[in-house]
Amino acid sequence: MADEPLVLGIETSCDETGVGIVRGHTLLADALASSVEEHARFGGVVPEVASRAHLEAIVPTMDRALREAGVTIADVDAIAVTSGPGLAGALLVGVAAAKGYAVAAEKPVYGVNHLAAHVAVDTLEHGPLPEPAIALLVSGGHSSLLRVDDLARGVVPLGATIDDAAGEAFDKVARLLGLPFPGGPYIDREARAGDPVSIAFPRGLTAAKDLAAHRYDFSFSGLKTAVARWVEARQRAGEPVPVADVAASFQEAVCDVLVGKALDACRSSGIDTLVIGGGVAANSRLRAMAEQRAEKHGVRVRTPRPKLCTDNGAMVAALGSHLVAAGVAPSRLDLPADSAMPLTVVSV
Ligand code: KG4
Ligand code: ZN
């Protein structure tokens, strides 16, 4: 509808320069420039390299998004930008750009939380999010379970990883299997040819003694170590490493815990909507397992299409649009780039 807000979103928290444009819940443009290849040989994102790449990409990516949507900056009702959490230098580029465009075009600007944006992006696919909902947020830097009563004003953390993030575990295990960075998509692909029950890897924080204190928390570092020990034992014995089986069994262990705890949160709170967001939500096994198990419990799973799960500008625009529609006031022009922005703060 033409009277819905036209919102442009800018994302630069990690290695993707994203600019998305939405009208209400409709995606009009999603331009992306990635520096992932510049980081691949280091096996992880190099912050200085990412910042410089954002600087080079931000204006062309803005132009591309506006062209794709067939609008000009003058048509836009508001600009949203990732204020945090993320890499400080990378965030600064997006925040500075958003302020520049906002001042030049006299537009309100919303500094938003990257993690809430991973949840909000699903509205572009499935429409308004029923509230309350449980959200499982799984990315390269975060793994959390949240209760979402009002996405425009705050979320309630139920639990989080106590060590590695789920995506980080995928990336580390991929590395020890000799797969490229970032490893999530490569494990996903390898696992399709493997047997997920061939190796019994541990399910962190699921034993009765852990559940009392960590019912909704995650731990993936023990799993990562178990995979490393298993692979080393094979290599020491001079036997080939069955990469597909290891990938499938590891992936099964991660998904089993994520889905189990997310559905437990739904059950115990009587909430029948589970939204899954973040880069790991692109995982094909996680999506299939969540659907399968949720159905038995009468829970509806909402997961955006894989391209919208990983970092992009559309997710920031989607959250911005939600904030405008909810009547939330814009940020001040001195809004910060906050690398440690708390999960509970949706906009600054
Ligand atoms: O949300 P995201 O793009 O960036 C952060 O905010 O961290 O998430 C990136 C993470 C990486 O660890 C990557 O390996 C993982 O998401 N990932 C996947 C898949 N696609 C991306 N993990 C498992 N399966 C996938 N298909
Ligand atoms: Zn992310």
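Note that Cβ sites are derived from N, Cα and C of the backbone, with glycine treated the same way.
Just so you know, TrEMBL annotations never went through curation; they're auto-generated.
The substrate site recorded in TrEMBL comprises Leu137, Val138, Ser139, Gly140, Gly141, Asp171, Gly184, Asp188 together with one of Asn283, Asn312, namely Asn283. Per TrEMBL, the Fe cation site holds His114, His118; the candidate it also names there, chosen from Asp272, Asp311, is Asp311. A gap of 20 Å separates the Cα atoms of Asn283 (substrate binding site) and His114 (Fe cation binding site). Checking the binding-site residues Leu137, Gly141, Gly184, Asn283, Asp311 against ligand 2 with a 6 Å cutoff on the Cβ atom leaves Asp311, in sequence order. In the three-state DSSP scheme, Gly184 (substrate binding site) falls into the helix class. Taking the Cβ of Gly184 (substrate binding site) as reference, residues of its chain lying under 8 Å away and at least six apart in sequence are, in sequence order, Gly167, Phe170, Asp171, Ala174, Gly279, Val280, Ala282, Asn283. Among the binding-site residues Leu137, Ser139, Gly141, the residue whose Cα lies closest in space to that of Asp311 (Fe cation binding site) is Ser139.
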